[in-house]
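Everything on this sheet refers to the single structure shown next.
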Amino acid sequence: MSASSGSIAIIGAGSVGAAIAYSLLLRQVVADLILVDINEEYCQAQVEDLSDATFLSNVRIRQGTADDARNADIIIISAGAKQKPGETRIGLIDRNIKVLESVTRSLQPIRRDAILLIVANPVDILTFYAQRLSGLPRNQVIGSGTMLDSIRLTGILANRLKVSDSSIHAFVIGEHGDSQCVAWSSATVHGRPLLKALPLTETEREEIATTTRMKADSIIKVKGFTSYGVAAVTARMCEAIIFDHRKILPLSHWQENLGCCLSLPVVLGRKGVSPFPVDLEESELQFLMQSAKALRTVIEGNDVNSVGS
C-alpha cells in the first residue's frame, strides 16, 4: 500500500503515542507524521528513534508544534496520565480532562475538515469533552471506544472455534470500561449466528466477557501500561478515514438518545462517522442504558458547564 499525501499529527509522545506513530509508519497510511509533546526533548528523541525505521516505508516523521498539528488531516490525542495498576479508566478523568482542555485550546483554530481521534482514557468521557471543546462537528470527533475490546473478544471466539479472526463478526458495545457488554445476539461466524455455531452457556458467556474486559488490567498489572493493541486499532481507524474505506467499527461517538458518547457500530470514512443500525436483544439494550447512565453520572459529577469556560 502506498502512502497518502496527507498528514497525521499525534499529540503525546509517550508509550502509546510512539507505538501509534510506529504502526502508522509501517502501514504507510500517510506521507507525513507529526509528533507533538510538551516535553520537547523527549519528543525529539522519540522522533529520532522512529526515523531509524523509516527505511521500511515512504513515510516522513518529524517533531512539530500545535500550529503544525491543527492543519493535519487527522489529529490523534494520546496525551494523558497512564492508568495505574488497579485504577479504573474513570479514575483518570480529573487529570486527563485538564490535559485535553489544554491540548484542544492549543489547536485552535482547528482545520474544519479535520478528524479528531481520542485514544486517551477514559475515552468515552474525553470524547464527549473533546466534541464540546474542539468546535468540530460531532461526527468528526471520535473515540477508539470498544474497538480493541471487540478485537480481543473476536480473538477468544476464533480460538474456541479454530477459525481465523476475520471469519467472526462480534462487537463489544457501551463504555470502554466496567459497564461494557457483548452484543451476543448480533455476533456471527461466516454469516451464521455465533451462538448456533458455538453454543455457550450463560456462565461461559460471562467468563468470555470478563476475560475480554479485564485483559488490559492484567497487562497493566505486570508491565505498567498497554500500547501495541491500541496503536494497531488507531492505525486501522486512520486507514479507514484517509482512504475512505467506509468500515463498520465499534467506536465511541455521540448518542443523541443516550446523552453521552459510547460505542456502537458506525461507518467510518473520510468525513468521520455515520450511524449503522444494529439489532439488540432487550437484555443488551438494558446493559447499554446502564452503561450510558454510568457515563452521564460521571459527566454530571464533573460539572460539564465549567469545562471550556
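Here the Cβ of each residue, glycine as well, is placed from N, Cα and C on the backbone.
Counting every protein chain shown, the number of other Cβ atoms lying within 10 Å of the Cβ of His176 (active site, proton acceptor) is 29. Annotated active site, proton acceptor per TrEMBL: His176, in sequence order.
Positions annotated as NAD(+) binding site by TrEMBL: Gly12, Ala13, Gly14, Ser15, Val16, Gly17, Asp37, Asn96, Val119, Ala120, Asn121.
When DSSP labels each residue, the domain 'Lactate/malate dehydrogenase N-terminal' (8-143) comes out as 64 helix, 26 strand, 46 coil, counted as helix, strand and coil in that order. Positions annotated as domain 'Lactate/malate dehydrogenase N-terminal' by TrEMBL: 8-143.
If you look up TrEMBL, you'll see 146-300 marked as domain 'Lactate/malate dehydrogenase C-terminal'.
Sequence annotations record features per position, and here TrEMBL assigns transmembrane segment to 6-25. Here the transmembrane segment (6-25) has long-range neighbours at 31-37, 39, 42-43, 46-47, 49-50, 53-54, 56-57, 59, 61, 64, 66, 68-80, 82, 103, 119-120, 225-228, 230-232, 234-235, 238, 242, meaning same-chain residues at least 6 beyond its ends whose C-beta is under 8 angstroms from one of its own.
Within 10 Å of His176 (active site, proton acceptor), counting CA to CA, the binding-site residues Gly14, Val16, Asp37, Asn121 contribute Asn121. Across the residues of the domain 'Lactate/malate dehydrogenase C-terminal' (146-300), the predicted structure has a mean pLDDT of 94.
Spanning the residues Gly12, Ala13, Gly14, Ser15, Val16, Gly17, Asp37, Asn96, Val119, Ala120, Asn121 that the record associates with binding NAD(+), the maximal Cα-Cα distance equals 17 Å.
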